[in-house]
Structure formats: structure tokens, C-alpha cells
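> Got a structure for you, written out below as C-alpha cells; questions coming shortly.
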Amino acid sequence: MKAENCCIVIFGASGDLTYRKLIPALYNLYKIDRLGEDFSVLGVARTELNDKSFREKMRQTLIKNEGAKGECLEQFCSHLYYQAVNTADKADYAKLVPRLDELHDTYRTEGNTLYYLSTPPSLYGVIPECLGEHGLNKEDRGWKRLIVEKPFGYDRETAEALDIQIHRFFEEHQIYRIDHYLGKETVQNLLVLRFSNGWFEPLWNRNFIDYIEITGAESIGVEERGGYYDGSGAMRDMFQNHLLQVLAMVAMEPPVIINANSMRDEVAKVLHCLRPLTQEDVEHNLVLGQYVAGEVDGEWVKGYLEEKGVPPYSTTETYMALRCEIENWRWAGVPFYVRTGKRLPARVTEIVIHFKTTPHPVFSQNAPENKLIIRIQPDEGISMRFGLKKPGAGFEAKEVSMDFRYADLAGATVMTAYERLLLDAMKGDATLFARTDAVHAAWKFVQPILNYKAQGGRLYDYEAGTWGPTAADKLIAKSGRVWRRPSGLMKKKV
């Protein structure tokens, strides 16, 4: 299904996200004919560029990063325009009014406008207000939609204040809070796996599942983002948004119908059902860590405190592990172990469903565990692990697997997260975007962790290239469980 005809306005068009993700995503949608010809892209930033220079910059980016060439590239670039605007100056937004009118008339886009805030978070409230002051939020001529990047607030209080500020000019149905994790194919397939297969849904509860672990690991450090990262840390950067949303999709009830409101209702219910964290929880079920120098992929790397832009006495966490529970009928008593960190041995995001063992071990006390591994990135796919008889005498069981990889689908075109989410926003499908009640529930849940950090909670060192502090292993071992050590999901076909 194609996107609706519209003008896409990218605020922060001279920034890294526009070059790396947004323009390549729009180009690829154009290449597979999901945009058609009746669209335009207006880049907006303070940098003094014109249409020609902006097109050339984007053209070189697409050649370098996407291997773009030929007529398709030139035609796409002809849809790109630029307007220099001081985004902090309300009066300067007057320049956008005639420019957008001209583009809507040229491309017959009927006033439909998608605003993308690829800017520092300090402008998330300013830009909607400035658009509203010039009437660029009104839907009297076509729809107006606003995509807001993370972080949506710094804590519960600032998130609620930002909502109030944006809602003065844009209604909730116009606001699309983007989380690129939810645009990944495997996350979406999790819902199909659960709700369309009779194998899984009857087992997806406390009666059959022992525990669930969710891992969001990165092998890189903070790179050139030391100053930004030090103000957020692993909890704000990954856990509060990405991983809590993934947890909610693992645990949610079946929606009544597949539409944005029903899906997001169920996500919000899960977040509201998370057992509130007590002081005892944050002291005994939470591990915060910070990497020190070590070896990653055979290369010696510096510690966090040595990174550019990081204060020498920073107590910002680069690792977090938490045991949490959901207080409802389906999940009562099932622990969810969630961890994320930088400078770990591999870049991998996965969900592991650990099923309970048989009531009585007929063949062996050490029979292989039944588990379902859902790999979100990289090497997206699903693997079922279970026990079968080892060839030879006796009845010794060994672990075997049944594996599926998206890369093995002949002719499959798997959209990137930004391609999928941009297309959905242009179609008016908010299913994979966070709603305000879910955002507030997530911030409410993590507030005790923020308080613990502010009070100087314990921070463990871990060597770069390891799977985090040994305290995280002890956390899960207290209940006789272990973290999976992610490696290749499965062997690739040759």
C-alpha cells in the first residue's frame, strides 16, 4: 500500500539522522514505488543552504550509503527542497507558509503535511508551538502529523510537561512518538507468531513459562556522543523506551482487532500492570554498571571515563539489568529479566522465552531446556530449542533447534525500521508509535530507578568485552537461572 500524497518537512535536516536514516529510508520507499510521484521533502534547519546544495548533499549521501545511481536517484532528488529557518525564532517560521503552499500546489498534496522533529529534545515543545502560531498545525486543508524522536522527556514530570506543551497545538491523533525498535520486522512478527499460531498462545502464560529475558546489547561505546550519553545513560537511552516497549509486546493480551487504538490499549495495560519498584527492589533486583578499558573484537578499547565528552568522575551507567514482574492473571510469578549495555561482546537484541521443565525428568536430570529465541537484530529470525535423543545407545538427550531466518526468504524485501515507520505515518497508521498514556506509564515505572541513581546508588565496574558486571549474573542466579550468552542465532545456509 502506497503512502498518501504529502509534503514531508524534516526539522534538523542538516543533522546526522537525516543523512543516515531519514533520506535513505525515503529514497528506498520511492525506489519500491511506495511514495509514487506526488510527494515532496522540505528540509528545514538553521544552516544556510538552497535547494540545489541540499539536493547535492543528499545525492552524495545516497550514492555513498545506499549505492544509489541512475534515473531513480535523480528523480528522487528532484523532490527535495530546503528552507533555512531559525527554529528557535517564532517569527522565522513565517517563511514556511508560502513555501509549503507552493509545494502543495506543485505536487497536488492537498495540504497533507508530515513534520519530523529530527532536532535536539529542547526544541520538541518549541517547534509545535511555532507551527501552531502560524496555523501550520490546522487540518482545515489536509492532515497534519508530527513525528517526535526519543527521548520524550527526561523523567515523568518533564514528559508530562512536554505533552501539555505539544497538546496545545496538536491533538493526540496527530502525534507520532517514534521508537525505531518497534519498526523492526521481528518485533512485529512477534505478534503474528503469538496470536495466529495455535502452538504458542496456549503456552504463553505463567503455567508453561518459567522466565523471560530481554537483551539489548551493543558492542560499541558512546563514540562521539559522550556529552549527550552522559546525560541519559543506559536506563534512559535504551530501557525506558525501547526495551519496555518490547516487553509490553511480549506480554500484551490479544487485541480485539488489529488497529492502532486496540494495539496501543493492550501495550498500555501491560505497562500499568508492572509491579511498582520498591526501595528493596532497586537495591536487590537492579544492577547498574559502567565499562572500564578492555578488549572488544580483538581491539583494546578505552573505558567510559576516558571517552571524549565524559566528565572524569561521571556516575552515569552504561549497563543496566533489572528483574521485574507483571501483576496480572497471565504473568503472575513469572520474572522478566531485562538487560542492556554498551561495550558488550556483541551487538544483539533478542527475547528468550524459557519454558518450564517437565514435571518429572524421565530421561535425565540435565535434559535440554525448551526455549524460544526471537532475534530482533542482527540476523533477524526465530529459533526453537528442545531436546531429542542423542544417536547411539541409551536415552541421553541433546539440544537441537528449528530455525527461521528472514534472510532465507527468497525474494523477501524487508523494510528497515525507519522505512516502515515513515510509511505508516504517511498512511496514518499509529499502531507502532507510542501513545501518551504508555509513555507516562513507562516513566512512572522507572522513577524509583531515577531516584536511586540520584541518591548515588551503587555502580559496578565491568570490563569492556564482557557481558557486564558479575553482579548481574548473581542477580539472575539467585533464583537458579542464568542469562543466555547470545552468539549466532543459527548457521547460515550455504
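Yeah, the Cβs are placed from backbone N, Cα and C, and that goes for glycine too.
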> Looking at Swiss-Prot, His180, Lys184, Glu218, Asp237 are annotated for substrate. Which of Lys64, Lys69, Lys90, Lys342 sits in that same site?
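My reading of Swiss-Prot gives Lys342 as the candidate in that site.
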> Please give me the CB contact count at 10 A for His180 (substrate binding site), counting all chains in the structure.
17
> Looking at substrate and its recorded binding residues His180, Lys184, Glu218, Asp237, Lys342, figure out the farthest C-alpha pair and report it in angstrom, whole number.
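Spelled out: the longest distance between any two Cα atoms in His180, Lys184, Glu218, Asp237, Lys342 is 20 Å.
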> In terms of DSSP three-state secondary structure, what is the assignment for His242 (active site, proton acceptor)?
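Where His242 (active site, proton acceptor) sits, the three-state DSSP reduction gives helix.
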> Measuring Cα to Cα, how many angstrom lie between Lys184 (substrate binding site) and His242 (active site, proton acceptor)?
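Pair distance, Cα basis, whole Å: 11 Å.
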> What residue among the recorded positions Arg46, Lys150, His242, Lys342 has the most other CB atoms lying within 10 A of its CB?
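By the 10 Å Cβ neighbour count, Lys342 comes out on top.
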